[in-house]
Structure formats: C-alpha cells, structure tokens
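Before anything else, here's the structure in question.
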Amino acid sequence: MRSPELRLDIATVCLSGTLDDKLAAAAAAGFDGVEIFENDLLVSTWAPREIRARCGDLGLSIDLYQPFRDFEAVPPDVFEANLRRAERKFDVMQQLGADTMLVCSSVSPDAVDDDDLAAEQLHELASRAGERGIRIAYEALAWGRFVNTYEHSWRIVRRGDHPALGLCLDSFHVLSKGSDIAGIRVIPGAKIFFLQLADAPKLRMDVLQWSRHHRLFPGQGAFDLSTFVGTVAATGYAGPLSLEVFNDVFRQSDPARTAADAMRSLVILREDVSNTGPVQVRERMRVADLSTVSAPAGYAFVELAAPAPAGILAAMGFVHIGQHNTRPIQLWQQGDARVAVRAGVSERIGALGVATSEPLVAAQRAKRLLASGMSDVDYDDPAVTAPDGVGIVFVRPEGDWMADFTPPEPGMVVNTCGITGIDHISLTEPFDDFDQIALFYRAALGLEPEPEAEFAAPFGLIRSRSASDRDRRIRIALNVATLRRGHWAPAVLDPQHIAFTSDDVVTTAMAMRALGAPLLDIPGNYYDDLDARFALPPERLDLLRSYSLLYDRDEHGEFLHFYTHMLGSRVFFEVVQRIDGYAGYGVVNSPVRMAAHRQFRLANAPARE
Ligand SMILES: O=C(O)c1ccc(O)c(O)c1
Ligand SMILES: [Mg+2]
C-alpha cells in the first residue's frame, strides 16, 4: 500500500497574533494543516464553523484540536464531569471538522497513580469519541503527574485497547528527558496518531519552564530531531509532521516571518532524514526540488559599503583593480581577498560572493530554503537575500564575474602587505532572529555548526555561533547580544567585520603600520595576562605587544590576529593567522577588541557642543 503524501502542519500556538493572523501565515508559508490550540479558538470572534470555512479557503486542514487536560485516572464524580467536558469539546471539533483530539497526561491533584484506571477511563473516552468519528491521541507531558514518559503513555494506550485511542509523540517531551528512543520502534505506526516536533537548546532548568518558553524549530536547538523523526517514520506512522513550539520571542514576532522560518526548518529536517534516516523512510521524507549543495569553493568577494574605504584598503595593501561597467562598485584585491566596494549605501556588509561550481543550482536551493530573491539590479549572477538582509551571490570559481570590471589606468602601485585571502566574515544579528538566520546560512551554504561561545563584553553578554564547510573555505561567525535593554550601551549598531588571512601576521602588521593603516591599539594589561596564561617567550610577547597583536591557542595550534579601527561606526577589518589548524575565532579576545574600539571612539569623538 502506498502511504499518503507527507503532510506538514504547524500548531497555532507557534505563531503570534489572532487566529486569522496565524492561519494566514501558516497558509502563506505553505503548510498543509494546523493544530488548533484551544486558547486561540476561545478568543476568536469566529465560530468553529467559520474557522473551518476560513481554513478551507486557505487550503488548510485542521488535523488536531488541543490540548484536553487532566482527564484520566480520577474518582468517578470527576470522571463524569470530565466526560461531559469532553463531549462539549467533541461538539466543537465536529464543527471544526477536526478528527483528532490531543489529551495530555494529567497534572491534576485529583489523579491517582493507577494505570488500569487511566486505561479504562481513556477507553471510555475513546469509545465515545469513536462514535463521533473522533480519535484520541494521548501525550505524556514531561512533567505529567504520574505519566511523563512515552513508554508509560504507550503502556496505557495499549492497555486501553480501543481503535480510537492512540499516542501523540512530542519530540520535546521525549528528548528533554533523555529517553531512549529505541523503544519507539516497537510501537505500531498505526497507533501513533500524531507527531509533534520541537527542538530546544540544552538548558539545565525545570522542564515545564524549558518547554513553555524555550522551544525552537527543528535544527535550531540541541536535540537530534533527525534520528527521532526517522525512528517514528520507520514505524509506518503516516500522519503529519507537526511543529509545536512554545517560544516567548515567536509569540511576539511577525507570524509570516515565523511561519517561513518554521517551514525552512522542516525542509532542512526532511533533507537530513532523507539522506541519513532509515532506508524505508528516505523517499517519503525527500523534498522535491531541493538540490543538494555542492561544497563552496570559497569567498569570491565580499561586498562592502562604508564611508571612504579606499584610504584604509590602500593602507592595508589592497589595490583597486577594477570599476564595474554599469554599477557603482569598485573591486579591490590583495592575494585572493577581494572586496567589492559599493558606493552610496549605508555602512554594511552588503553581500557575500560565494564561489561554487553550480551557481544556479546553489541559488535555487537557497530559494527553496525560503530565501528571497535579490533584485537583478544588484547582480547578474544568481543571487538571493538571506533572512538578515545580506545578499549571497553565487559565482563560478573561475572568476568570470570579474570580466564586468574594467581595470583602472595601468601602472598602479602595488603595496601588498601579505594578505592572502578571506578567512571569515562576522555579522551581528538581532536576538530575535539569531537561531533562524544561523540555520539558514548553514543549510544554504552547506556549513556545519561549530561550538557556540558566550563571552562578557563591556556592554553585555554576547553569544557567538560559527559555521564552516568541511574544507574551511567559507566561515561565518554570527554574534548576538543576549539582551538589549536601556540606552546605556553605545549606539554601535550590529558591528560587522571581514577577517583576512595572512601567512605572517607580524610582517603584515608591520607593513600596514608603515603604510599608515589605522590599526587598533591593545592595552598593556592584556599582554601581562597573556604572559601569565601562556608563558610565551619574552621576545615573542614583546613582538605581540609592540604590534598590538592578539593571541589564542587551542588543541590544534595558535592564532594571531589584529584589528583596524571602525571604518565608520560599525564595520572594521581583522587580519588573522592560523597556525597548525587552530579552529576557533579568538573569541576570548573579543571583549578586549570591543573595549579598545570603545576607547578609540571616546578619544576621537567630536567635542560636545
Ligand atoms: O505545555 C503544555 O501544557 C502543553 C500542552 C500541549 C502539548 O502538546 C504540549 O506539548 C505541552
Ligand atoms: Mg505536545
């Protein structure tokens, strides 16, 4: 028998707004159906029949009504009242055209620890539901009073033994408890009535708080959703993949944006399961039109807009090698590092030129991951816009794109300072979009996440997350201020930088200083601490100190780096040297860099009127 098409659902609780905002957003993002969260219905001005009609107009089915709470294992009088309450909800569901009701395990003080009673009462509920064509999906909440594991909920469903009684599996409840998911394999797929998906960051906290405030869409947290979905799908489960994410930020965010992020996350999850999951589920999970990503060949260029960058670039040894034939873009180069300087827009990294053997395919993939297209006024090559507004231009490694640039007068001065290429770019993202943006870059460029870091900067905590391809040709570091409160922090909006590579950062720093490059001075305390921590040879330490070079070390090797001043108020450059495969980004030195930038700005601020 062929299983029905895979359906993708989202719970209305994931999205902000009124029920109509939520439904419109879910439909626009391409979802097939929704879980109606009871509260969203209760506050709606639409009667259940009108909600059904609206969903019909939008092409959405209502696949679950939820939650029905505190039903089972109660004394007879409470049981009678609960059955009556359930019948009223069945009425609503019939008007909605919803055929599955989620019953979550009881947290009620009325409940008793008695599996037989729970099973018997759920059996009775299911037989009443069954008469109305409704099914009961029983879900173990991780904080359920007596039933809080999927194994326990399955024992009760089996004992309840009714065709209209089955399980709801929710990845959060299962994975937050560290349960062994191998036990899912013995559950017949037909008895799994519904599958809810949520990721979450690793946090040590009360599981209810964790669930109600910190859930994330798949791929944005620390859970292995791919193995979980593969395992459930391998039972023969034929229902929807449904996102159920309780998240404080999403509850306040534009629902259209959240729904698109949610859909992207499902696309990426399906791709993962279709590549690595059990063989029998791979085809079912496959995403149509999602081409595989070929490894990027590196940064072809980074497009930058900044106030008068030519002076700094020249002082860093870059050469102006071309002017775009039709656009206000100058190309500057040193070694394999190319900076496309765009005139006339606000200070920012505008686009990443990513070299890849199949630019069109790469752009199609990014669009399938819900990137918006980039206007072709900007680039002739296939290009998209990442969710943070940064363009990604896919060009061939051969460099044909450079044919659009006319070289300037011959006989230009070449002052190379030893820069060989682009190591990484670093962007500061808004807190609210951080996880989605990180996931997008990873999936669109085929990058793998690197360890996350958190550090105390002068004006607050910064979380830093980076990703790179396997060959380390493309590295992206994303930073976020974990909170933004009040007006004390300086108005440096979302700093961004380009880090160039050098094979000999000392020589590069010397050459740049000789050319008058505005390099950032690092205070002496930093070097005293380096001495304490690393016991570097005194001559080496002196060299670092005299050129304001920063230093770090990991289990692979060493890292030397230095920074320029801000070009205007947000963009700056870094030069790095990785020795013996140092894998990080010198994040421990970021607070020193930030304080130094702040110091410089204060010292050079125009005097107040
Ligand atoms: O937090 C809750 O109460 C709750 C309700 C319904 C669910 O499906 C769930 O996973 C959690
Ligand atoms: Mg749930």
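Cβ coordinates come from backbone N, Cα and C, glycine included.
TrEMBL does not curate its annotations; it predicts them automatically.
Here's the feature list from TrEMBL:
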type	residues	note
BINDING	Glu139, Asp170, Gln196, Glu244	divalent metal cation binding site
DOMAIN	421-565	domain 'VOC'
BINDING	His424, His497, Glu574	Mg(2+) binding site
Using DSSP reduced to three states, classify Glu244 (divalent metal cation binding site) as helix, strand or coil.
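SS state of Glu244 (divalent metal cation binding site) = coil.
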Between the Cα atoms of His424 (Mg(2+) binding site) and Asp170 (divalent metal cation binding site), what distance do you get, rounded to the nearest Å?
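Checking the Cα atoms of His424 (Mg(2+) binding site) and Asp170 (divalent metal cation binding site) gives a distance of 38 Å.
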With every protein chain in view, what's the tally of Cβ atoms within 10 Å of the Cβ of Gln196 (divalent metal cation binding site), excluding that atom itself?
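For Gln196 (divalent metal cation binding site), the 10 Å Cβ neighbour count is 25.
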For His497 (Mg(2+) binding site), which residues in the same chain are close in space, meaning a Cβ under 8 Å from its Cβ, but six or more apart along the sequence?
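Spatial neighbours, sequence-distant, of His497 (Mg(2+) binding site): Ile425, Ser426, Tyr563, Val571, Phe572, Phe573, Glu574.
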Among Asp170, His424, His497, Glu574, please name the binding-site residues whose Cβ is nearer than 6 Å to ligand 1.
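So the answer is Asp170.
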Apart from His424, His497, Glu574, which residues in this chain have a Cβ no more than 8 Å from the mean position of the Cβ atoms of those residues at the Mg(2+) site?
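Residues close to the Mg(2+) site, other than His424, His497, Glu574: Asp423, Ile425, Ser426, Ala477, Ile498, Ala499, Phe500, Phe573, Val576, Tyr585.
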Taking the centroid of the Cβ atoms of Glu139, Asp170, Gln196, Glu244 (divalent metal cation site), which other same-chain residues have Cβ within 8 Å of it?
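For the divalent metal cation site, the extra neighbours are Leu102, Cys168, Leu169, Ser171, Phe172, His173, Phe194, Leu195, Leu197, Ala198, Ser242.
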On the 0 to 100 scale, where does the mean pLDDT of the domain 'VOC' (421-565) fall?
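Mean per-residue confidence for the domain 'VOC' (421-565): 92 out of 100.
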List, in sequence order, the same-chain residues at least six positions removed whose CB sits under 8 Å from that of Glu244 (divalent metal cation binding site)?
Ala11, Val13, Cys14, Glu35, Asp170, Phe172, Gln196, Leu197, Ala198, Arg215
Please list the DSSP helix, strand and coil residue counts for the domain 'VOC' (421-565).
45 helix, 50 strand, 50 coil
At 10 angstroms around each C-beta, which of the binding-site residues Asp170, Glu574 has the fewest other C-beta atoms nearby?
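Looking at the binding-site residues Asp170, Glu574, the Cβ with the fewest others within 10 Å is that of Glu574.
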Filter the candidate list Asp170, His424, Glu574 of binding-site residues, keeping only entries whose CB is under 6 Å from an atom of ligand 2.
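Close enough to ligand 2 are Asp170.
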Pick from Glu139, His424: which of these binding-site residues has the biggest number of other Cβ atoms within 10 Å of its Cβ?
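Answer returned by the neighbour count: Glu139.
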